[in-house]
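Student: I have a structure here, written as structure tokens, and I will follow up with some questions on it.
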Amino acid sequence: MSKKASILVIQGPNLNLLGSRESDVYGKTTLEDIHQKLGELATAQSVDLSTYQSNHEGELIDRIQKAKQDGVDFIIINPGAFTHTSVALRDVLAGVAIPFTEVHLSNIHQREEFRKHSYLSDIATGVICGLGAIGYELALQAAITRIKK
């Protein structure tokens with residue numbers, strides 16, 4: 001019997017505030033709503049989905065390292081503000097060598113200059129930004145397609 005595909009969704013700092021934080025930029029959908037929808041989609045495709053959110057860089061790194069040990073097949077990550085600052089996140093993602101998609105609710109290229117650079121994009125399998133919460137659904141669909149190839 002083959003193991004079910006496993007996808008991990010990682011959420012960075014302040015994403016726990018979705019729905020109440022700058023809804024004009026990030027929308028009104030909560031993180032719980034996003035995770036619930038992704039869970040439903042994953043279940044329908046017979047894929048194991050786990051989610052993790054932290055406001056702390058080291059905890060995100062620890063969880064990504066654990067993903068390798070757990071046999072996770074794909075990571076979907078919204079690194080939040082760490083997108084623009086964290087060489088450590090880049091290093092752990094490169095180190096575990098699990099394919100990943102970088103997701104952003106807002107279009108980081110239409111925002112402040114400092115938000116236009118990502119330390120992760122050039123090593124990501126794909127990048128989705130500016131599509132709001134549906135970006136996560138598209139990332140999940142792409143991950144499942146890639147895993148099941």
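From the backbone N, Cα and C atoms, a Cβ is placed for every residue, glycine too.
Positions annotated as site 'Transition state stabilizer' by Swiss-Prot, on the basis of sequence analysis: R21. The active site, proton acceptor annotation in Swiss-Prot covers Y26 and is backed by sequence analysis. For N78, H84, D91, L105, S106, R115, the entry in Swiss-Prot reads substrate binding site. What Swiss-Prot lists as active site, proton donor is H104.
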Student: Out of H104, R115, which of the recorded positions has the smallest number of neighbouring Cβ atoms within 10 Å?
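Tutor: Lowest Cβ count within 10 Å among the recorded positions (H104, R115) is R115.
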Student: According to DSSP, which of helix, strand or coil covers L105 (substrate binding site)?
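Tutor: In three-state terms, L105 (substrate binding site) counts as coil.
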Student: Can you tell me how spread out the substrate site is, meaning the largest CA to CA distance among N78, H84, D91, L105, S106, R115, in Å?
Tutor: 24
Student: When neighbour density is defined as the number of other C-beta atoms within 10 angstroms of a residue's C-beta, which of the binding-site residues N78, D91, S106 has the lowest density?
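Tutor: Result for the binding-site residues N78, D91, S106: minimum number of other Cβ atoms within 10 Å at D91.
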Student: What number of additional C-beta atoms lies within 10 angstroms of the C-beta atom of L105 (substrate binding site)?
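Tutor: Result for L105 (substrate binding site): 24 other Cβ atoms within 10 Å.
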